[in-house]
């Protein structure tokens, strides 16, 4: 493209861009010419535009638009190392060590807050989750089992908890393995909500939020698409049940030691001081134990002593005696000797809520608020510290290490190595939610691309199943077989999903779908919350209610909805690929009301209701922002709080047009800059050229 002249020296006079224009005199209008104005617009003047500043070239070659998914350049705005003196170098080293310590500290509290958040959700919805499982007769419906797995995992914020409940029910013959497989699939979906919630914490910056939300929801779309394909296949063929049963029967497994707790060794001492839960209560409720419904999930006694002793007890008749020799009567009652087990409480637990005697719901709400506040604060500080550390050469090295593929013959192996890395890291931290939640801010600030985060997330799905397999191998004899088979079902389900949505680049639909959702959520940030509520609460609850009403109701409502969704997707595909085969009216969505094919009217409604709650930055926010900038080394002009609208957004909201420079006095170019270019008249175009 021809270079554009410097805008600072741009003048509205076009004579400097015309060859030989200095020798021409200005044309004065003549009356005779005015009378013939209708026949001839302007006198034809033969001249040539200099090729360097040709307006035709400018119109034909539009300026290249920046891709919003390109990683930002994290440039170091500080003083270079070579330009520092000895004191400055020592100070820089100590600042780096301090930032590293702060980063590790905030990361520790971030992981602890995730653990406390899971406990809070269990206190709020744990008993309700147990009641979902208590009616085992409705579990024969695979669709109902799927949505129960989603809802229970969302309520307790832990797929391992919901999986352990399923294992206990299978071991107790309350549930078959065939009925448990859809619940495991639902648990795989529900566990991905954690990193999606973490992505909402980066909503202040549109670009960061676009990348972070897409990086988090790529996990969601992978799980949903895998279930949509594999659940009907499993219902029709039962391949997961058959394969895992053959594996379990082929090997003679023995009980092992407890599964290793690598990360919990570090976090458990701190989280135990906040709250401790008796998770057996949820399993007991699921197995219809009436006494467990009145128990509290908050553990009070951590050290107990169970003893068995012989005691004299009364029985209704001689037939209830343990033996004839141990049976006697005093003339009024019949006595016998029995072994009685009693439990003696020795020491209370050492956590905050042990002596408060609050109901589970109150404790859960308190912990939920505190853990979300700590989670938000830690995430903000982690992002800021990473943003200050990952600059210049350091950022370049890290980006090249993580996002660069192997040389040509082995480039395809890079993604599979990333899958192994994700599986290994998840095995170390013992939680896929922790790994993917820690990955989300790195995607947001632009260190890791969506394309590289996708295989890491797939590896995380495999890593969490290997942890479940190890835990199953450590199970007691009565639950070893069932727990191992369910863990293997989870493992092969994720392997099947990877084979569907990763090896062939064309099939990596989760990446494209996550990017599309990221673009929408960056423009309309309220849509992210709408997505969470719809996909993780409303749709599962609706399917659950329709399933309870019976198959005829579910089919009568579900089939038309599915048909409409498929019709819309096919129509959208034809509109984008080959619109000519469609009637002119169906080539776009303009035949529908605006509110049915655009989020703009909805955005206006939501902005109207949320407008009174949007307040400018308070003094406290500005002080916190300034402290954050001092810790991270941000420049004074940094607006890290992101609580005020950008200048450009404010101008667009007020309808203030952007003024074009004087060089755009040419009507055609200025209209193009404002998006108002119309098809030129052929006669005028030929005359001008």
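Yeah, the Cβs are placed from backbone N, Cα and C, and that goes for glycine too.
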Stretch carrying transmembrane segment according to TrEMBL (options 408-429, 430-451, 452-473, 584-605): 408-429
Matching range for TrEMBL feature annotation, transmembrane segment, among 484-504, 610-630, 631-651, 652-672: 484-504
Candidate ranges 72-93, 138-159, 248-269, 270-291 [criterion: TrEMBL lists as transmembrane segment]: 138-159
Interface present between the transmembrane segment (361-387) and the transmembrane segment (97-117) (three or more C-beta pairs under 8 A): yes
Contact call for the transmembrane segment (524-547) against the transmembrane segment (138-159), three or more Cβ pairs under 8 Å: yes
Contact between the transmembrane segment (179-200) and the transmembrane segment (484-504) (at least 3 Cβ pairs under 8 Å, separation 6+): yes
Intrachain neighbours beyond the transmembrane segment (221-240), with Cβ under 8 angstroms and 6 or more residues off its ends: 142-143, 146, 178, 181-182, 185-186, 188-189, 192, 454, 457-458, 461, 489, 492-494, 496-497, 500-501, 509-510, 513-514, 517, 535
